[in-house]
Structures are given as C-alpha cells and as structure tokens.
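Novice: I have a structure here, written as structure tokens, and I will follow up with some questions on it.
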Amino acid sequence: MTARISLQSLVVPLLLLIALVVGAVVNERFLTLGNLRNFTEQLAALGFASLGQAFVILGGGIDLSVGAIASLAAVLLAGIHGGNEALFVPALLLVLAGGAVVGALNGWLTVWLRVHPLIVTLGMASVLSGITLLYAPQPRGSVPFWFEEFAFGTLAGFPLSGLLLGALFLVTALVLTRTPFGRRVYAIGGNAEAARLTGLSVKPTIIATYALSGFFAALAGAYYVSRTGVGDPHAGDALTLASLTPVIVGGILLGGGRGSVGGVFLGVLLISLLNNLLNYMNLSTFVQWVAQGLVIIAAVSFQRQKGRAL
C-alpha cells in the first residue's frame, strides 16, 4: 500500500521532469530565464481558476461556469473603467465581489433546490456567456497602465503574478488543512450525509466553496485584462476545461473528500509547461485542447484504477 501511494505521488513530478527534458531538446531557448519568466506569467490565470475549482471538487461538486465568470469579469472590469482611473479600483472590487456572488448563487441552487451542480453551473455558464456577449460582442474598454504590473511586474526578478499565486496556494493549503472550514470541506466531500448527521453545516459550507470558485474565476478574468489591456468576451472560453485538468491530474478525487492543494499546484505547473512546450513546437491552441482532454481522460482512468486497487 505504501509503495503504491509513493509511486502515485511521483507521477506528476516525473512528467514535469520529462516535459522539461523534451523542451530542452526541442528548443535551446526553452529553459532560458526569459521563457521561464514568461511561463510563470502565463500560468497565473490557470492557477487562480484551479484554486477555486479545487475547493468545489473537494466538497463533492463541480463548477462549469468558471470560464464564463472570468469572461464577464474581464469585460465588466475594462468596460466600467472606460478610461476613468478613479473608477478602476471600485470596479475591480465590484467584479471580484460579483464573481463570489455568482458562485454563491451556484451553490445555493445546488443545495437548496437539490439540482445537480453539473446542470446548475452549465446553465449559469450559458446565462453569463449570453450577458457577456450582449454587453461586449467585441473586445472593449481599457485598464490603467499601472494595472499591467499585475501581469508583467516583477519583484526581485520574480513575476508578481507568480508570487501572488504561490501565496494564494499556500494560504489555501493552510485553510484546508488547519481550519474547521477546511475539515468540513473534506468531510462533506467524503460523505455529505454522514457530515450532516454529525452536525456539520453542510449547506453553508458548500455555498462557500462555490463562492470561492466564483471569486477566483473573477480574479482570473482580471488577470486576463491586465495581460491584454482590454476586456475580451472570449477570454475565459477555454478556462473551464483548463481549470479542471490540474485539479484532476493533481490527485483530487472527482466526487470529493480526497486530495491536496500541493497536488493541484503541481498539476498547474505540468499543464502550463505542456502548453508552453506545444507553443515552442509551433502547434496550435486546438492541439493544446486535445492534449488537455486526453490528460483528463487519462487522469480519471488512473483515479478509477487506483480506487479499485485500494
């Protein structure tokens, strides 16, 4: 049993090492400092969204509205600002809070109306995508020059976005492992009915996980605006699938109750590294989507085999 678990924990680090070696062979610039900095900047949006998705899946749910929330957040942030810097910070706070509210609504519909989260969040994604395109059929708006530091700024040579992402992963790990809220999330994901019978506040906890997912999705949308300078209505189109991949690859069990944020962090690194490698090989974004889909299928199959073995 111990040997099996130890082997499983080495799979993602081994794949990371293989990707690095292949990248170095394919292109001599792959391991340069410039590309590593660019790689760190690119993984931030995926990392933010995956953090939120991790809360939801650990609690036994799933959020298919992540990409739609990110897109709406992006166009609202850039549109509300409209060149008036005095409005930008209030707009940013409003967008982040709005993401949390939409997420909480997802959670409320799931637990109070007893609708499956797959249906709730898919429906919410459709609603939000429609609103986004009605508001901004094309990229629009702008952001203050200083906000681009969120995406491109550095501190002691390290990208600010990467430092923020690392800090958020650390805080999330502490919340999930050292607080009553985190223990409730694991307990509910493992067996919601048993958690309810022991007196745990199941419904508020589930709603909170979806609120966190909405917040982090909106943060990813804000990051997209920081990178591009405009609000793109399609910014988060690929983010829903992308945010699921590191969570599953990182070992969080679909259905909840098992897994760690550290595994998700390694999953984010792996998926971002694979995308970066495919870019260096001059392969299109569509190939990246195919690769992500295959990785998800392989990871879920691996989880099922692991469950049978245990």
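The backbone N, Cα and C atoms fix where each Cβ goes, and this holds for glycine too.
Automatic, uncurated: that is what TrEMBL annotation is.
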Novice: Among 14-30, 286-302, indicate the range for which TrEMBL gives the feature transmembrane segment.
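Specialist: Here TrEMBL associates transmembrane segment with the stretch 286-302.
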Novice: Do any residues of this chain, six or more beyond the ends of the transmembrane segment (156-176), have a C-beta under 8 angstroms from a C-beta of it, and if so which?
Specialist: 37, 40-41, 43-44, 47-48, 51, 54-55, 58, 149-150, 182, 185-186, 223, 260-262, 264-265
Novice: Excluding the flanking five residues on each side, which residues at least 6 beyond the ends of the transmembrane segment (238-256) place their CB within less than 8 Å of a CB in that stretch?
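Specialist: Distal contacts: 8-9, 12, 45-47, 49-50, 52-54, 57-68, 70, 125, 186, 188-190, 217, 220, 262-268, 270-271, 285, 289, 292-293, 295-296, 299-300, 303, 307.
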Novice: Quick one: find which recorded stretch in 64-81, 87-111, 263-280 has the most Cβ pairs under 8 Å with the transmembrane segment (118-136).
Specialist: 64-81
